[in-house]
Amino acid sequence: MKKENKSVIIWLLSGCVLLFLMVVVGGITRLTNSGLSMTDWHLVTDTFPPLTDAKWQAAFDEYKKFPEYQKINIHNDFQLSDYKFIYFWEWFHRFIGRIIGLVFFVPFVYFLAKKKLDTSTIKKCIVLLAMGAFQGFLGWFMVRSGLIDNPDVSHFRLSLHLTFAFITFAYTLWVALDLIYPERNINKILPLRNIARYALAALLIQIIYGGFVAGLNAGLIHNHWPLMSDGEFIHESVFIEQSSLIKNLIEGKSGVQFVHRTFAYAVVAVILFLFFKSKKYTLTRTQSNGINTLVVFVFIQFLLGVFTLLYSVPLALGLIHQIMAFFLLSAMTYTLHRLSK
């Protein structure tokens with residue numbers, strides 16, 4: 001690491017921490033059914049929550065016009081105090097998004113003015129800023145889907161929002177790693193790099209399906225392992241909830257859960273393959289540490305997934321499972337970087 005890059009690295013890693021925090025709060029927002037509490041979006045006027053009783057009541061009255069209240073919460077003795085709870089989590093999620101925007105943009109302008117960024121890093125940072133702006137759009141695009149008729153957001157949009165947050169985090173970490181390890185890696189092992197790429201692709205597919213499971217509440221059924229309900233590996237409901245096999249596998253609760261729980265074995269398998277294949281090569285310390293950490297994390301994540309399913313997605317386990325996915329992606333990004341650069 002070059003000394004002149006230290007402040008830029010700290011900036012990028014701070015962004016990673018904030019992105020991690022935002023996904024954690026996003027997970028709490030989803031698991032507490034708070035995501036539809038703010039029914040519009042304003043860049044400036046939503047910066048702070050309502051500060052008077054009258055403004056709180058006005059926000060609550062506006063919320064009552066939308067499907068989540070009219071079809072669900074109206075039957076649950078839902079009071080203003082309940083509304084304040086769900087409002088807080090959605091507001092906090094958006095507030096962190098605004099902080100992230102400032103943390104990325106203001107120092108970027110400063111580093112540009114001080115000429116602390118080379119041309120390559122400038123281009124990467126511009127991509128990061130664009131990704132952040134697009135992520136904000138995806139968040140509102142997701143929320144809008146739950147404000148029309150169905151009081152649930154589209155699981156496709158939720159998964160897109162979630163997965164793109166993971167990708168933005170991974171790319172931010174990658175840019176930071178480029179500065180932490182500016183020297184070219186003379187121990188670049190192409191076979192391992194290619195396997196790591198497949199592992200990353202498998203992990204991203206699993207994250208996408210994790211979003212599907214979350215959006216459809218598919219973790220609340222077939223709460224058994226290693227088999228589904230009735231002691232079946234593939235329960236009959238996997239094939240009958242939707243009109244076609246493809247629809248069952250991307251829209252049916254049972255089908256989506258089946259893919260997510262089964263594909264977990266594939267993720268574990270490809271990472272184990274990377275681990276055992278790496279034993280045939282002489283690795284650097286960072287390469288070895290990355291692969292070893294990856295193996296530990298994938299087994300922890302697998303077990304968390306099993307227990308989250310068995311206990312029907314309690315808030316704590318569901319959140320820890322999502323957090324562990326972040327750590328797993330971090331280890332995957334680090335490992336691939338050390339095998340590639």
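Each Cβ is built from the backbone N, Cα and C atoms, and glycine gets one as well.
Remember, predicted model here, so these are calculated numbers, not experimental data.
As written in Swiss-Prot, here are the features:
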| type | residues | note |
| --- | --- | --- |
| TRANSMEM | 8-28 | transmembrane segment |
| TRANSMEM | 92-112 | transmembrane segment |
| TRANSMEM | 126-146 | transmembrane segment |
| TRANSMEM | 160-180 | transmembrane segment |
| TRANSMEM | 201-221 | transmembrane segment |
| TRANSMEM | 256-276 | transmembrane segment |
| BINDING | H260, H321 | heme binding site |
| TRANSMEM | 294-314 | transmembrane segment |
| TRANSMEM | 315-335 | transmembrane segment |
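A Cβ distance under 8 Å defines the sequence-distant neighbours of the transmembrane segment (315-335), meaning residues of its chain 6+ beyond its ends; these are 20, 23-24, 27-28, 31-32, 166, 169-170, 173-174, 177, 196, 199-200, 203, 207, 210, 219, 274, 287, 290-291, 293-294, 297-298, 300-301, 304-305, 307-308.
Long-range contacts of the transmembrane segment (256-276) within its own chain (CB-CB distance under 8 A, at least 6 residues past either end) are made by residues 155, 192, 195-196, 198-199, 202-203, 205-206, 209-210, 212-213, 216, 218-219, 221-222, 225, 228, 234-235, 238, 249-250, 291-292, 294-295, 298-299, 302, 305, 309, 335. In the three-state DSSP scheme, H260 (heme binding site) falls into the helix class.
For the transmembrane segment (92-112), the neighbouring stretch richest in Cβ pairs under 8 Å, chosen from 8-28, 160-180, 201-221, is 8-28.
Sequence-distant contacts of the transmembrane segment (8-28) (same chain, at least 6 residues past either end, Cβ-Cβ under 8 Å): 1, 34, 89, 92-93, 96-97, 99-100, 103-104, 107, 111, 116-117, 121, 128, 162, 165-166, 168-169, 172-173, 175-176, 179-180, 315, 318-319, 322-323, 326. With a cut-off of 8 Å between Cβ atoms, the residues of this chain six or more beyond the transmembrane segment (294-314) that come close are 31, 199, 217, 219-220, 222-225, 261, 264, 267-268, 271-272, 274-275, 320-321, 324-325, 327-328, 331-332, 335.
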